[in-house]
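See structure below.
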Amino acid sequence: MMTYEGKLIAEGLKFGIVAARFNEFITNKLVGGALDALLRHGVAESDIEIAWVPGAFEIPLVAQKMAETKKYDAIICLGAVIRGATPHFDFVSAEVSKGVAHVGLETKLPVVFGVLTTDTIEQAIERAGTKAGNKGFDSAITAIETVNLLKMIQ
């Protein structure tokens, strides 16, 4: 029986990050966490590019454009969608998650969903580097591992 498991080896890999400016207080912390993880695992700063988009809804389109350039080994998508008093949260959350998944399947490239979808600002803060860790860091680790896993399976 063959078992595959991705390694956390990132030297020489290139990463694109798509980050939403909306809820920038949160997203900046997610980007910081992602950069920390990538740099700790040997990615050169020159091998990381960040595209800032207005809001989470724009993430899938820009992620697809970045993936299509074939410059990156993975794309990390970061943002924060926080529930409000209207159904807007439900529409945005659903479309962003579907869009990010679609880009990965279409381009055969790891496209990691690191968009927080929380009920409160407090929950978002907890997931951006306090009580619940940093989901930006976690997303970068997922990207590294998935890149290496796909290389093993080919």
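Heads up, the Cβ atoms here are built off N, Cα and C, so glycines get one too.
For PHE22, ALA56, PHE57, GLU58, ALA80, VAL81, ILE82, PHE113, the entry in Swiss-Prot reads 5-amino-6-(D-ribitylamino)uracil binding site. In the three-state DSSP classification, PHE113 (5-amino-6-(D-ribitylamino)uracil binding site) falls within a strand. Long-range Cβ contacts of PHE113 (5-amino-6-(D-ribitylamino)uracil binding site) within its own chain (separation 6+, distance under 8 Å): CYS77, SER97, VAL100, ALA101, SER139.
Neighbour count (other Cβ atoms within 10 Å of the Cβ, all protein chains): 8 for THR86 ((2S)-2-hydroxy-3-oxobutyl phosphate binding site). The feature (2S)-2-hydroxy-3-oxobutyl phosphate binding site is assigned by Swiss-Prot to ALA85, THR86, ARG127, with sequence analysis given as support.
Sequence annotations record features per position, and here Swiss-Prot assigns active site, proton donor to HIS88 based on sequence analysis. Following the DSSP three-state reduction, the secondary structure of HIS88 (active site, proton donor) is helix. Around the Cβ of HIS88 (active site, proton donor), the number of neighbouring Cβ atoms within 10 Å comes to 12.
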Around the C-beta of PHE57 (5-amino-6-(D-ribitylamino)uracil binding site), how many further C-beta atoms are within 10 angstroms, looking at every protein chain?
19
Residue among recorded positions ALA85, THR86, HIS88, ARG127 with Cα closest to the Cα of PHE22 (5-amino-6-(D-ribitylamino)uracil binding site):
HIS88
Cα distance (Å, whole number) from HIS88 (active site, proton donor) to ILE82 (5-amino-6-(D-ribitylamino)uracil binding site):
10
